[in-house]
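Once you've had a glance at the structure underneath, I'll fire off some questions.
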Amino acid sequence: MASSAVIKLALVVALCMAVSVAHAITCSQVSANLAPCINYVRSGGAVPPACCNGIKTINGLAKTTPDRQAACNCLKNLAGSVSGVNPGNAESLPGKCGVNVPYKISTSTNCATVK
């Protein structure tokens, strides 16, 4: 019984000493979360709730400057690769979902300046 407690204590100490590793946001995460937004950025109209949920998810994952820059680059690439995107619709999307994104969703955004 005592050895079980020692093992548990050792595991707790090891976990406390572990260095946390930052995981950058991936473009596949951004694409998957924003797939419900495609029709809106092409045609306008009502923003689907699933789209806003995706934007909120991505914004919530972007806690650090590198994460925000990675998300920005993914959004910039998506905006340029999806055919028929209306730039105004893409730019207005965060505001319509009540999300404060610290950069413009545009193919001209300089993501290196995002903090």
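Heads up, residue numbers simply count up from 1 along the chain you see.
Keep in mind that glycine also has a Cβ here, set from the backbone N, Cα and C atoms.
Predicted, not measured: the structure shown is a model, and the values here were computed from it.
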Can you sort out which of Cys74, Cys97, Cys111 is the disulfide partner Swiss-Prot gives for Cys27?
Cys74
If you look at what Swiss-Prot says, which of Cys72, Cys97 makes a disulfide link with Cys111?
Cys72
Can you tell me the CA-to-CA distance separating Cys72 (disulfide bond) and Cys27 (disulfide bond), as a whole number of Å?
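Cα-Cα distance, Cys72 (disulfide bond) to Cys27 (disulfide bond): 10 Å.
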Looking at the disulfide-bonded residues Cys27, Cys51, Cys111, which has the shortest Cα distance to Cys97 (disulfide bond)?
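Result: the closest of the disulfide-bonded residues to Cys97 (disulfide bond) is Cys51.
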